[in-house]
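The following features are taken from Swiss-Prot:
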type: ACT_SITE; residues: His156; note: active site, proton donor/acceptor
type: ACT_SITE; residues: Lys160; note: active site, proton donor
type: BINDING; residues: Gly9, Ala10, Gly11, Gly12, Arg13, Met14, Glu35, Gly99, Thr100, Thr101, Ala123, Ser124, Asn125, Phe126; note: NAD(+) binding site
type: BINDING; residues: Arg36; note: NADP(+) binding site
type: BINDING; residues: His157, Gly166, Thr167; note: (S)-2,3,4,5-tetrahydrodipicolinate binding site
Amino acid sequence: MTLKIAIAGAGGRMGRQLIQAVHSAEGVELGAAFERKGSSLVGTDAGELAGIGHLGVAVSDDLESQKDKFDLLIDFTRPEGSLEHIAFCVANNKKMVIGTTGFDQNGKAAIKAASDKIAIVFASNFSVGVNLVFKLLEKAAKVMGDYCDIEVIEAHHRHKVDAPSGTALSMGEHIAKTLGRDLKTHGVFCREGITGERKRDEIGFSTIRASDVVGEHTVWFADIGERVEISHKASSRMTFANGAVRAGKWLENKANGLFDMTDVLDLNNL
C-alpha cells in the first residue's frame, strides 16, 4: 500500500524540496500540499511549484477539504502553524513528521500529548549526518567533557528566524545529558562586555546569520594544547527533505508514540 503524504508550507524553500523528495521516493506519493490562508499559491500545481512538472495536486489552504487524500503530514513551518496542524492530525488520526523549530515548552508539551493519540517523528534536524554527529558528540563528551571548554558554533541563511538553531540546541542537549548537566543553567547564549572568566562547566553558543548558508554546525572540545572539532555542513536542503520522507516511511506501521531520528536510524544500537 502506498503511503500518501501531505506537505505543509508547500511554497517555502523547504516545502518545495519536500515535494521533490516525495516525488522521487519509492513507496510514497504526494497526496496534498498546503499553504497559509489567502496565499497567492493556492490552486497552483504542487509539482510545477517545485519545478518537477505537473503532478495533478493543487495547493490548498484547507486541511479539512483534503483530509481523505493523505495519511501523513510533513510539517516544516512555524510553531503557531504547526500547533494548528497537530490539532487537526489528532482529530483526524493522521501521522506527522515535524521539522519545525522554535517551539516553547508549551508547544513541546502539546506535541508530547498528541503523540499519545498519533505517531509523530519530531526532530530538530532530519539529516542522517547530523544525527550521526549527535552520537559522536555524546562519545566525545563522555571522554573529554569534564576536562575541556565546550562551544557550539552554528551558521544559517539570513532568513532564519530563530537562534540558536534547533540543531545547535539539540547538540547542546546531547552533550549536557551525557555530562549530567542542565542546559538551561549551563548554556551560555550571549557574551558581551566584561563577562569574567569562563566557567569550565559552561556550554557556549555562537550564532551566525549570513547570505544563503544552508546550515553549518561545529562543536569545539577545547583543552590546553589541543582541540577536537566535530562538524557538519549541509550544502542542500534535500538532505533534510530526504530524511523527513525516510522518517515518514518508518512511521507507516506505528499507531502512536513520539520518536526522533535516533529511532528512525536505530542509532542507539551503535
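Numbers run from 1 along the shown chain.
The backbone N, Cα and C atoms fix where each Cβ goes, glycine too.
Taking the features listed in Swiss-Prot, we show where each one sits on the structure.
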{"residue": "Gly9", "record": "NAD(+) binding site", "DSSP (3 states)": "coil"}
{"residue": "Glu35", "record": "NAD(+) binding site", "DSSP (3 states)": "coil"}
{"residue": "Thr100", "record": "NAD(+) binding site", "DSSP (3 states)": "coil"}
{"residue": "Asn125", "record": "NAD(+) binding site", "DSSP (3 states)": "coil"}
{"residue": "His156", "record": "active site, proton donor/acceptor", "DSSP (3 states)": "strand"}
{"residue": "Gly166", "record": "(S)-2,3,4,5-tetrahydrodipicolinate binding site", "DSSP (3 states)": "helix"}
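Cα to Cα, Arg13 (NAD(+) binding site) and the residue listed as 'active site, proton donor' are separated by 11 Å. Within 10 Å of Asn125 (NAD(+) binding site), counting CA to CA, the recorded positions Arg36, His156, His157, Lys160 contribute nothing.
All protein chains included, His156 (active site, proton donor/acceptor) registers 25 other Cβ atoms within 10 Å of its own Cβ. Separation of the C-alpha atoms of Glu35 (NAD(+) binding site) and the residue listed as 'active site, proton donor/acceptor': 24 Å, rounded to the nearest whole number. Nearest by CA distance to Gly166 ((S)-2,3,4,5-tetrahydrodipicolinate binding site), out of the recorded positions Arg36, Ala123, His156, is Ala123. One way to see the shell of the (S)-2,3,4,5-tetrahydrodipicolinate site is to take the Cβ centroid of His157, Gly166, Thr167; the remaining same-chain residues with a Cβ within 8 Å of it are Thr101, Ser124, Asn125, Glu154, His156, Lys160, Asp162, Ser165, Ala168, Gly215. Gly11 (NAD(+) binding site) sits 9 Å from Arg36 (NADP(+) binding site), counting Cα to Cα. Of all the recorded positions given, namely Arg36, His156, His157, Lys160, Thr167, those whose Cα is no farther than the 10 Å limit from the Cα of Ala123 (NAD(+) binding site) are Thr167.
In sequence order, the recorded positions near Gly9 (NAD(+) binding site) (Cα within 10 Å of its Cα) are Arg36, drawn from Arg36, His156, Lys160, Thr167. Non-local neighbourhood of His157 ((S)-2,3,4,5-tetrahydrodipicolinate binding site): Arg209, Ala210, Ser211, Asp212, Val213, Val214, each in the same chain, at least six residues away, with C-beta under 8 Å from its C-beta. Around the Cβ of Ala123 (NAD(+) binding site), the number of neighbouring Cβ atoms within 10 Å comes to 26.
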